[in-house]
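Heads up, the thing below is written out as structure tokens.
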Amino acid sequence: MHLMEFPREVILGKNLVPEVNNVIKRLKLESPGLVVYGPVTKKIAGESVKKAIRDEFDVYSITVKKAHIGEVEKVEAKIRDYNIKWAIAVGGGSIIDVTKLASYRSGIPFISFPTTASHDGIASANASIRGIEAKTSIKARPPIAVIADIEVIKTAPRRYLAAGVGDVISNITAVRDWKLAHKLKGEYFSEYAAALSLMSAKMVIRDAEIIRLGNDEGVRKVIKALISSGVAMSIAGSSRPASGAEHLFSHALDLLLDKPALHGEQTGIGTIIMAYLHGINWRKIKETLKTVGAPTSAYELGIDPEIIIEALTIAHKIRPERYTILGKEGLTREAAEKAAKITGVI
């Protein structure tokens with residue numbers, strides 16, 4: 001059986017806080033609800049979302065600090081203790097991922113209200129949580145609705161929008177890896193999911209100059225691409241259309257660094273290297289990332305070149321069952337260093 005789950009509503013526009021209650025009503029969600037936010041996103045939109053909901057529904061709130069299993073369990077306890085019927089995540093990737101997994105494990109729906117456009121988790125079924133073995137993608141359920149307020153997202157530092165491009169552009173190498181696994185290992189492959197995923201990547205490449213400006217149109221384009229990417233994963237029933245060797249590289253960096261860079265920044269650099277290994281146009285990918293202001297080197301990422309090399313050599317061990325261009329044995333130190341140097345990453 002192949003189950004596909006999608007958000008029932010995706011709303012993209014301006015000043016959408018007042019629209020939250022209408023979404024709750026249309027989805028026939030009952031009180032009480034739970035607003036999940038971070039210390040920063042509480043001030044950006046969390047408090048105003050809670051205030052708006054409180055006008056018509058019983059609602060509680062909780063602050064989440066990081067994407068860690070301990071925070072997931074904290075949210076689960078709140079859901080259990082207060083008999084919460086649904087949750088709304090107001091924040092970036094970490095807040096959304098924690099809410100996503102806690103809601104899934106508690107058997108309740110959740111709404112995604114992103115405050116940044118930094119990665120495709122805003123609409124996908126997958127969550128990246130630390131503290132569960134290695135930090136990799138954990139299967140949950142997609143949000144029942146996505147409410148993307150351009151005015152809110154536009155207030156985030158430009159770095160986050162550029163990271164969103166880095167996450168979407170990684171679909172290029174992810175789909176290549178997926179095709180490789182299909183050809184060599186007989187893995188299930190969905191042409192439709194792959195096409196939608198690649199369309200998202202092509203869109204940000206085509207519109208890089210607009211996205212660079214960080215205006216309403218640029219933000220809208222990145223959000224649409226991220227949501228399409230999330231939907232592609234739902235169609236595939238896995239993260240395959242948007243997560244290949246470049247994501248394994250990013251997860252390896254997460255393990256090696258005390259303070260990793262943004263997820264999309266790391267996957268963007270990973271995509272440059274993996275595109276080189278695949279023999280495809282890595283220069284165009286690098287040019288796009290430069291255009292939108294995303295880092296394209298270890299120096300710009302603030303990471304020691306030695307860490308980049310080490311991450312490349314251990315990336316294949318992160319998810320051994322996921323076949324990619326790295327193969328079963330991974331890259332030798334020499335091969336990793338060569339790829340990173342040729343592409344200008346180090």
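Numbers here mean position along the shown chain, with the first residue as 1.
Each residue, glycine too, has its Cβ placed from N, Cα and C.
Summarising the annotation, Swiss-Prot assigns NAD(+) binding site to Gly93, Ser94, Ile95, Ile96, Asp97, Thr115, Thr116, Ala117, Ser118, Ser124 and lists sequence analysis as the type of evidence. Classification of Ile95 (NAD(+) binding site) by DSSP places it within a helix.
Taken from Swiss-Prot, the feature substrate binding site covers Asp120, Asp167, His251, and the record attributes it to sequence analysis. Its own atom aside, the Cβ of Asp167 (substrate binding site) has 35 Cβ atoms within 10 angstroms in the protein chains shown.
In the three-state DSSP classification, Asp167 (substrate binding site) falls within a helix. Marked as Zn(2+) binding site by Swiss-Prot on the basis of sequence analysis: Asp167, His247, His263.
Taking the centre of the Cβ atoms of Asp167, His247, His263 as the Zn(2+) site, the nearby residues of that chain (Cβ within 8 Å, site residues left out) are His119, Asp120, Gly166, Ser170, Ser243, Glu246, Ser250, Gly264, Gln266, Thr267. Counting Cβ atoms from all protein chains shown, Asp120 (substrate binding site) has 32 others lying within 10 Å of its own Cβ. His251 (substrate binding site) sits 15 Å from Asp97 (NAD(+) binding site), counting Cα to Cα. Other residues of the same chain near the substrate site, with their Cβ within 8 Å of the Cβ centroid of Asp120, Asp167, His251, are His119, Gly121, Ser128, Ser170, Ala242, Ser243, His247, Ser250, His263, Gly264, Thr267.
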